[in-house]
Amino acid sequence: MERAAGPEADTLVARGEGAGRRRASRSNWSGSLIVASLTGAFGSSFLYGYNLSVVNAPAAFIKKFYNETWERRYGFSVDERTLTLLWSITVSIFAIGGLVGAIIVTPIVKFFGRKCTLLFNNVFAVTAALLMSVSLLAGSFEMLILGRVIMGVDAGISLSALPMYLSEISPKEIRGSLGQVTAIFICIGVFTGQVLGLPEIFGQESRWPYLFGAIIVPSLIQVVILPFLPESPRYLLLEKHNTSKAERAFQTFLGKEDVSHEVEEVLAESRVQRNTKLVSVLQLLRTRAVRWQVITVVITMACYQLCGLNAIWYYTNNIFSEAGINHKTIPYVTLSTGAVETVAAVFSGLVIERLGRRPLLIGGFGLMVVFFAVLTVSLTLQKTVHWLPYLSIFCILAIIASFCIGPGGIPFVLTGEFFQQSQRPAAFMIAGTVNWLSNFTVGLLFPFIQGGLQTYCFLVFAAICFAGATYLFFVLPETKNKTFHEISQAFAKRNKVSLELQEMNHCSGERKSNAEQESNFTSSVGNGETKKGIV
């Protein structure tokens, strides 16, 4: 009986521990944390996704507006080549604005903080929305192009500031799920742009300016709600040295009074670093201890844009048409792509803390390789077999789902997890620069690749996905439920950095007396602040 009771007791204990972990995970989702993530994403990554798809539906009407404006100014119609150039500039210049935003985000988040940067960024969004929505009334296509540039700046800033904010306010147990909010709202934004572009809503010649005016709504919602939420507690503690505000921020986001453990965890990181002064991009690139983290972020972000999803959007209408779908019905069928994208992103957010970042990212790229290969075959032979166009449609949806399960959001999560507090703004600047340069490269080169290789162009993207998956398989460690210090240790051997040296620095920080810690932080806290004894 005793021998039988032993395994049963162990099983009950294991079940109890598992249930405890699940309860702890659920308890991490406080109301303030949920509101902060949803509000931040709605006014940031949602607008990025929305502006990716919003130009597709009114393309014919905007080109007509360009032609009419040109004829009114110069007395003759614009030639086809110039019109194509103007339209290409309108679409692709969004990436140039994004590159500018990614470059300027580091000094902005340094001086304004993460939350205030998101709020300040709405100035760009509202300005862009006003310019683009009144361009038809003013008879100026330059206003539309300028608005796209400014909207790109907004996107470049938000795609760095939002993941930074979310990674710093979330407990490590749900950091991946909360980080996926960025990707989920990008997908929701794409889908919303498709829905509002339907003929019954704003997809008409007289209504297309409203598509751009709608950008103001998420911005205003963010401006109204976000000021009532705290700044990143890690930013307040490590960069502003404001312990009392950091404690209150932790209490608000975690929904509990005792946050001494969380504060001590952040202070431990500070003691390891010893110097929380923000490093520059050049300093980060020269830091041996994060060399492979930087390389991994660069490769992951490049694959994020170069994996061919933009090419899929380019081909969608043509493939649906080849499948025999009526041209008037295609806009409604295209909604299926946005719906699949959103569902896959939500699924990824639900399972990322169970499966981890590594399997989802590598698996997503791997599945894209398979479906790109099948799509190439089906597109090449679709005129010889009547059912192959439907296989092409399936492959399109499968590629979109594979992308959103892993590659669509996890690169942003990893960028926030790989680096210490003082390195994070520079890291996001590098990631954003690679992201937007790759975006612009795809927009610039894809027409030539497609013209030269025809349906075989997808093999180029399959090769990129394969290369990315192979690299990540050999280099990427799992970061699930790990602190920033533990992730740094996982890369230490590859970076040829002595773990003993890291631990020695950590221990020397631990040996600092409580009185000395008190003195250091009291001198940094502003007048009138009360320093609580946490350490």
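Residue positions begin at 1 at the first shown residue.
Yeah, the Cβs are placed from backbone N, Cα and C, and that goes for glycine too.
The transmembrane segment annotation in TrEMBL covers 31-50 (among others).
Among the features that TrEMBL reports, domain 'Major facilitator superfamily (MFS) profile' is placed at 37-480.
The list of residues near the transmembrane segment (85-106) in space but at least 6 beyond its ends in sequence, with Cβ under 8 angstroms from a Cβ of it, reads 51, 55, 59, 62-63, 66, 78, 117, 124, 141, 144-145, 148-161, 278, 281, 425-426, 428-429, 431-433, 435-437, 439-440, 443-444. Summarising the annotation, TrEMBL assigns transmembrane segment to 85-106 (among others).
Annotation comment: TrEMBL describes 118-139 (among others) as transmembrane segment.
Annotation comment: TrEMBL describes 145-166 (among others) as transmembrane segment.
What TrEMBL lists as transmembrane segment is 178-196 (among others). Here the transmembrane segment (178-196) has Cβ contacts under 8 Å with residues 33, 37-38, 40-42, 44-54, 56-57, 159, 162-163, 166-167, 169-170, 202-203, 211, 214, 331, 334-335, 337-339, 341-342, 344-346, 348-349, 352, 404, 408-410, 412-413, 416 of the same chain, all six or more residues outside its ends.
Look at TrEMBL and you will find 208-229 (among others) tagged as transmembrane segment. Here the transmembrane segment (208-229) has Cβ contacts under 8 Å with residues 32, 35-36, 39-40, 42-44, 46-47, 50-51, 54, 57-58, 61-62, 115, 118-119, 122, 125-126, 128-130, 132-137, 144, 147, 151, 193, 196-197, 202, 252 of the same chain, all six or more residues outside its ends.
Residues annotated as transmembrane segment in TrEMBL: 294-315 (among others).
According to TrEMBL, the transmembrane segment annotation covers 330-352 (among others). A Cβ distance under 8 Å defines the sequence-distant neighbours of the transmembrane segment (330-352), meaning residues of its chain 6+ beyond its ends; these are 53, 57, 176-177, 180-181, 183-184, 186-188, 190-191, 194-195, 197-199, 203, 313, 316-317, 320-321, 360, 396-397, 400-406, 408-410, 413, 480.
For 359-381 (among others), the entry in TrEMBL reads transmembrane segment.
Positions annotated as transmembrane segment by TrEMBL: 387-414 (among others). Taking Cβ pairs closer than 8 Å, the transmembrane segment (387-414) reaches residues 159, 163, 167, 175-176, 179-180, 182-184, 186-187, 296-297, 300-301, 303-304, 307-309, 312, 315-316, 319-320, 322-324, 336-337, 340-345, 347-349, 352, 357, 360-365, 367-368, 371-372, 374-375, 378-379, 381, 431, 468, 476, 479 in its own chain, all 6 or more past its ends.
Residues or ranges marked as transmembrane segment by TrEMBL: 426-447 (among others).
Taken from TrEMBL, the feature transmembrane segment covers 453-476 (among others).
Residues or ranges marked as region 'Disordered' in TrEMBL: 509-535.
Residues or ranges marked as compositional bias 'Polar residues' by TrEMBL: 516-527.
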